[in-house]
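Below: the structure, in structure tokens.
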Amino acid sequence: MQKLKRKYNLVTTISLVIGIVMGSGIFLKNISISRNTGGNIFLSSAVFLIMGVIMIISAYTFSIAASKIEKVNGVIDYVEDAVGPKVAYYVGFYFNLVYLPIITSVLAFLSANFFKQLIGSNSEYFSIYVGIAFLSISFIINMFAPKLAGKFQVSTTIVKLIPIVIVGTVGLVIGLNSNTEVITSIGGTKNVKFFDALLAAAFAYEGWIVSTTVNAEVENSKKNLPKALVIGCIIVIISFLIYNIGITTLLGSDAILNSNNDQAIVEQAFNNLFNSQIGGKIFLFFITISCLGVLNGLTMGVSRGMYSLAVRGQGPKPEVFKKLNKKTNTSLASGLVAFILSLLFFGYFVLAIIFNKVSGNIDEIAIGLLYFAYIFIYVNIMKNYKDLPVFKRFVMPILALISVIFLLFASFNVLYTTLMNTELTIHQRIPYILIIIVFAFILARIFYKKKPIVGE
């Protein structure tokens, strides 16, 4: 059977972790988190810290599994090791055909929105056309020039750190000098939606798990992937905390709470920083590049989805999807299906965000629900990894399990409050993500093979 080549070193893998996590989420969800915590800088920082701790606990625990298992697609490999191929197949089907296409499509949409703001277009359809173009280009690069995609990932990771460092340092200093009341009067605790804030932070931090999908292509994967997960996540947490404090002190809680345009208020922060409209344009340039970097990283993962099922002899036509192109060492069929699915979810977000016809929080809920699968991995470490010290075998997996339960509770809380919110239309209240998941599992059942043929 054709195998994927080792093409990504430690630096590229760390860049993949940072690059996927550190994107539009921090710039947009930061405002949402501040709004959901009533403009309270301590509460918003606590939310970032809580989710950051959850991420590092999860990433560290995953790194334990990564140091033991090295196959084709990280999370599926780890679930398969824990509970067998059947459950792993269903998790893989959801991960590759629902979760990844959803977050890939939303990143294409956000990238287009920021680019639209950068050039000053007033057309509501501009984001649709450009988003489709960005999505198409990202898939073309990853399918036909994967090494170039890896280099692009490293470059955009460096670029995206620039606005975060600027806001987190210069913004904090300026904010403390000119807007000290933000710290001394940190905002109230009214209208606090703590679980909504947590899920928004979950989206901001999401993506590290996607880096495990390329474990078969990482040099010395059993050593480098665990290092990349932990180092990358630590850098992200520090950056997010600094940015949150910096932008809140720079803008002030009132400006954040009274704004109804998240992108505009973040642009205003850079205008304030440079005391000029050009500051906002500089920011929009960096954030557009940042979003494209995240889109590239997500495309790396999602384009390998059907391949990771096919090499196990599962899914529709495995003999087609496990075939690798001799020149690019990629499964073009797998990438094509991922592209089509991402386009479909892109259409959903157009309906949700531009036309306000359906619920727009399926991305955050899809992230929260994925944590179900992590339970198998954590229990497996405690049950079967008997050669590990107590800290790795029990302490971290138990903390990771507590984190999962916490996030699942937050996800169902948001689902319930959305369903009960009478201010929304019936179409905005319907939990479409659950309908999508049920449909996906029906398809998974249809294509499941009791006796898969693995090999040539």
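Backbone N, Cα and C atoms are what each Cβ position is placed from, and that goes for glycine too.
Residues annotated as transmembrane segment in TrEMBL: 7-28 (among others).
Among residues of the same chain six or more beyond the transmembrane segment (40-66), those with a C-beta under 8 A of the stretch's C-beta atoms are 21, 30, 33-34, 74-75, 78, 81, 182-183, 186-189, 192, 194, 197-198, 201-202, 204-205, 208-209, 212, 215, 221-222, 225-227, 229-230, 232-234, 236-237, 240-241, 244-245, 248-249, 253, 374, 377-378, 380-381, 385, 388, 392, 396-397, 399-400, 403, 406-407. Positions annotated as transmembrane segment by TrEMBL: 40-66 (among others).
Here TrEMBL flags 87-114 (among others) as transmembrane segment.
Positions annotated as transmembrane segment by TrEMBL: 126-145 (among others). Same-chain residues lying 6 or more positions outside the transmembrane segment (126-145) and placing a CB less than 8 Å from one of its CB atoms are 104-105, 108-109, 111-113, 115-116, 152, 292, 295-296, 299-300, 303, 328, 330, 332, 335-336, 338-339, 342-343, 346, 350, 354.
What TrEMBL lists as transmembrane segment is 157-177 (among others).
If you look at the transmembrane segment (228-251), the same-chain residues 6 or more away from its ends with a CB under 8 A from one of its CBs are 10, 13-18, 21-22, 26, 30, 33-34, 39, 41, 44-45, 48-49, 52-53, 55-56, 59-60, 62-63, 66, 161, 164-165, 167-172, 174-176, 179, 182-183, 204-205, 208, 211-212, 218, 265-266, 268-269, 272-273. According to TrEMBL, the transmembrane segment annotation covers 228-251 (among others).
If you look up TrEMBL, you'll see 282-302 (among others) marked as transmembrane segment.
Residues 96-97, 100-102, 104-106, 108-109, 127-128, 131-132, 135-136, 139, 142-143, 299, 302-307, 310, 320-321, 323, 325, 359-360, 362, 432 of the same chain lie 6 or more positions beyond the ends of the transmembrane segment (332-353) yet place their CB under 8 Å from a CB of it. Summarising the annotation, TrEMBL assigns transmembrane segment to 332-353 (among others).
The transmembrane segment feature in TrEMBL is assigned to 365-382 (among others).
Annotated transmembrane segment per TrEMBL: 394-418 (among others), in sequence order.
Among the features that TrEMBL reports, transmembrane segment is placed at 430-448 (among others).
Away from its own ends, the transmembrane segment (282-302) comes close to residues 16, 19-20, 22-24, 27, 96, 100-101, 103-104, 107-108, 110-111, 114-115, 117-118, 134-135, 138-139, 141-142, 146, 149, 152-153, 155-157, 159-160, 162-163, 207, 210-211, 213-214, 266-267, 269-270, 274, 338, 341-342 of its chain (Cβ-Cβ under 8 Å, at least six residues beyond either end). By number of Cβ pairs under 8 Å, the transmembrane segment (430-448) is matched best by 87-114 from the list 7-28, 87-114, 365-382, 394-418.
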